[in-house]
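Colleague: Submitted below is the structure of interest, expressed as structure tokens.
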Amino acid sequence: MMNNLSHLESDYSEYVEVDPTGRYGRYNEVLGKGSSKTVYRGFDEYQGIEVAWNQVKLYDFLQSPQELERLYCEIHLLKTLKHKSIMKFYASWVDTDNRNINFVTEMFTSGTLRQYRLKHKRVNIRAVKNWCRQILRGLNYLHTHDPPVIHRDLKCDNIFINGNQGEVKIGDLGLAACLQHSHAAHCVGTPEFMAPEVYKEEYNQLVDIYSFGMCVLEMVTFDYPYSECSHPAQIYKRVISGKKPDGLDKVKDPEVRGFIEKCLATVSLRLSACELLDDHFLCIDESDMRRVESEKGLIDEAGTPLRHSYHIPHYSNGYYSLYNQNQWDYNGDETVESHEIDLLEFQNDDDEEEEDKRFGSVDISIKGKRRDNGDGLFLRLKTVNKEGCVRNIYFPFDIETDTAISVAREMVEELEMDDRDVTKIANMIDGEIASLVPNWSIFCSSESNRSSVGSVMDFNEMQCGRDGCEEKHGRFEEITFEITVNDSDEED
């Protein structure tokens, strides 16, 4: 017994770090860990409560006063949100010496709603309704905020729970955006939970309702939506074509399914959080003792999902949303790593006016991710012209054998692009890879003769229609679609 007490005393008697005010102390116990964020157990001496001490490595994200100002604006937003269904945000500060940003939030005893649901599989429908009401109250608060706030990455991994009280709260607001105008204009989030209008980068707060519907689907099936898909491009294709996830067919209860379908309706028919709170499905029925039932999902014998969600956080000129690293849990052990897709965005601003004259009204951006095995990258080049034609080009990049210039030349040749685009594309590829691979040197590798290193999408033939076309050109796989005036009208 004394040995056990001594062990606890050594763990908790000394802080390893204290905040500038002296109020919060950090212990060395890791609650969870992502690629850039580590969560430690902390203590609030004023209130006498345990807290979550979140530490984000900034690396090169803070490169200018503008980016720092933007980061502070986000922190200010999080501090101003006060609601019982929103995670409490206590304090934050920048550690310039160690290039960290630290922020303190409330700590949840049971981790995320997804973890909690996988742990407790036998749940009455009343519990699910209770969770839904709490989440919708939080969304209604965000959406009626002045200005309205869109979460943009709502999923069960970002909803936290204190299981001993049944208290559910929305967290991880790093992708949240204040809606200063009628629409937002960045494609961010997790593909399985993203509404069709998000892919067209013009949307409002109703995208959170769509994501909420997918959360309810996940609650009752244990699966991520679109678990039948193997990568984001397949999900994208199904979403923009209006095809619902196969998991919806597993929902046996017609009342539950009907409620989910209301959330997943087209934006013109989709209800607000306030309207959904008045829905008959969420009415309290003391006599309703049904268990949540669905066909068996993609879960192994240990209760672990067989596929993790993908994630598309938004970066802009090096700015990093501080809550982005979502895949961690309060377990004190090694965190289960998810198959996240970390996408970054690089925009080359040199000689912007001269480039605009040559490229006209074409907007070009590039994003990338590391491959799961760590020995290569996947990149996506996106172009949008003044007519609203969007062209997404996916391709692998081998950091050992490829160079930016060789791949750019190959792309221009395979896709019959303007030869003058080679240098611009190569520069953008180099810039993006430099942000993904810290030791990357521009033009450091010999030119590659490889035509294909892997595949992003499995298309057996070209398929064209109203929602887009897909083609394969060597290593390059292309999706194109048009944003028309009629499309925009439908989503208003």
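Using N, Cα and C of the backbone, Cβ positions are placed for all residues, glycine too.
Feature annotation from Swiss-Prot assigns domain 'Protein kinase' to 25-282; the stated evidence is sequence analysis. Taken from Swiss-Prot, the feature ATP binding site covers Thr105, Glu106, Met107, Phe108, Lys155. Taken from Swiss-Prot, the feature active site, proton acceptor covers Asp172, and the record attributes it to similarity to another entry.
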Colleague: Looking only at the domain 'Protein kinase' (25-282), report the model's average pLDDT.
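Modeller: Mean pLDDT across the domain 'Protein kinase' (25-282) comes out at 86.
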Colleague: Say we define neighbours as other CB atoms within 10 Å of the CB. Which of the recorded positions Glu106, Asp172 has the fewest?
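Modeller: Each of the recorded positions Glu106, Asp172 was scored by Cβ atoms within 10 Å; lowest is Glu106.
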Colleague: For Thr105 (ATP binding site), what is the tally of other C-beta atoms lying within 10 angstroms of its C-beta?
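Modeller: Result for Thr105 (ATP binding site): 23 other Cβ atoms within 10 Å.
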Colleague: Rounded to a whole angstrom, what is the largest C-alpha distance between any two of the residues Thr105, Glu106, Met107, Phe108, Lys155 that the record assigns to ATP?
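Modeller: Roughly 19 Å, rounded to the nearest whole number.
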Colleague: According to DSSP, does Met107 (ATP binding site) sit in a helix, a strand, or coil?
Modeller: coil
Colleague: If one measures from the C-alpha of Lys155 (ATP binding site) to the C-alpha of the residue listed as 'active site, proton acceptor', what distance in angstrom results, rounded to a whole number?
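Modeller: Roughly 10 Å, rounded to the nearest whole number.
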Colleague: I'd like the Cβ neighbour count for Phe108 (ATP binding site), meaning other Cβ atoms within 10 Å of its Cβ, all protein chains included.
Modeller: 23
Colleague: How far is it from Glu106 (ATP binding site) to Asp172 (active site, proton acceptor), counting Cα to Cα, in Å?
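Modeller: Distance between the two Cα atoms comes out at 12 Å.
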